[in-house]
Amino acid sequence: MDIRDEILKLKKEKGAIILAHYYQIPEIQEIADYVGDSYYLSKIAKDCEENIIVFCGVKFMAESAKILSPEKTVILPVMEAGCVMADMATEEGLAKLKEEHPNAKVVCYINSSTEVKALSDVCCTSSNAENIINNLEEKEIIFLPDRNLGSYIQEKTPDKKFILWNGFCIVHEAIQKEEILRLKSEHEGILTVAHPECSKEIRDISDFIGSTSEIINFVNNSSNKKFIIITEEGVLHQLRKNGEEKEFYIPYGKMVCRNMKMTTLKDLYESLLKMENKIEIDEDLRLKAYNSLKNMHKLGG
């Protein structure tokens, strides 16, 4: 029997649901019940009826699912699949910032550890950050860990004062302006579409900025035929499915998050078969972190 059939058989037997982020390999996206960005998947994990969630993504995503649904079994097929940016934010550093800015609200990107979420007032994703910041009464915002998303939201909410953590996504940060200008010069009429995790100099020369789901929606609804896609190349799988006649260009021909690409069909099969790699979170810590995620769903729309 084909491994895909084995996975579907196991999923049915165990009553599990498979969630996959847009940055996963195409084979994982194809077998998942739901494919989406962090915010969409967190809502599915919170509201789904299934008691077993297999989260094909990175650790902070699976942890967020467990924080929101402690009664459910949450499995991360590859426990080593972490997030470099999430690891840049520390509890100690955040605690110090909170002391220095006692009146500030702490907004953490969902790409954060459970410990950082526990010290934050509200979580956000790239698709709901602006909404959340606008819904906060406080004028002073500690934003972490992504300085690029933070500066982007700061531009959108000029009445707020931001204290930005100096973190970044190594995949988006690596893109240079010269490469984008080169692609633009080679392809007349091409549209540049970027994720807000990109630096300001990249955002400033882009035609559209949005989360992964917003990028996909923009491209799908555009009559344009050529696009520079400045985010992890996993989104190309969905874009090509929906727009076969369209051309897509990735800077340097490659934008890969190694952690997102770790999970294979074999890993997914093994984790379901053996019910291994379960996410466990101390209950006191979970309750503290739950607050920030609960507030995200309340304020994020």
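Keep in mind that glycine also has a Cβ here, set from the backbone N, Cα and C atoms.
So that you can see what the record holds, here are the features copied from Swiss-Prot:
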- HIS21, SER38, TYR109, ILE110, ASN111, SER126, HIS195, PRO196, GLU197, THR212: iminosuccinate binding site (BINDING)
- CYS83, CYS169, CYS257: [4Fe-4S] cluster binding site (BINDING)
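A straight line from the CA of ASN111 (iminosuccinate binding site) to the CA of CYS83 ([4Fe-4S] cluster binding site) spans 7 Å.
Rounded to a whole number, the distance between the Cα atoms of CYS257 ([4Fe-4S] cluster binding site) and HIS21 (iminosuccinate binding site) is 12 Å. Note on the binding-site residues CYS83, ASN111: the fewest other CB atoms within 10 A surround the CB of CYS83. Take HIS21, SER38, TYR109, ILE110, ASN111, SER126, HIS195, PRO196, GLU197, THR212, the residues named in the record as contacts for iminosuccinate: the widest Cα to Cα gap among them comes to 17 Å. Cα-Cα distance from GLU197 (iminosuccinate binding site) to CYS257 ([4Fe-4S] cluster binding site): 13 Å (rounded to the nearest whole number). Distance noted between the C-alpha atoms of CYS257 ([4Fe-4S] cluster binding site) and TYR109 (iminosuccinate binding site) is 18 Å.
For GLU197 (iminosuccinate binding site), the count of additional Cβ atoms within 10 Å of its Cβ stands at 26 [all protein chains shown].
Other than the site residues CYS83, CYS169, CYS257, same-chain residues with C-beta atoms no more than 8 angstroms from the centre of those residues' C-beta atoms, the [4Fe-4S] cluster site, are VAL58, VAL84, MET85, ALA86, ASN111, ILE170, VAL171, GLU232, ASN259, MET260.
The distance from the Cα of CYS83 ([4Fe-4S] cluster binding site) to the Cα of HIS195 (iminosuccinate binding site) comes to 17 Å.
Long-range C-beta contacts of TYR109 (iminosuccinate binding site), restricted to its own chain and to partners at least six residues apart, with a cutoff below 8 Å, comprise MET85, CYS123, CYS124, THR125, SER126, ALA129, PHE143, LEU144, PRO145, ASP146, LEU149. Its own atom aside, the Cβ of HIS21 (iminosuccinate binding site) has 26 Cβ atoms within 10 angstroms in the protein chains shown. Between the CA atoms of HIS195 (iminosuccinate binding site) and CYS169 ([4Fe-4S] cluster binding site) there is a gap of 11 Å. Annotation: HIS195 carries the greatest number of neighbouring Cβ atoms among the binding-site residues CYS169, HIS195, CYS257 [cut-off 10 Å, Cβ to Cβ].
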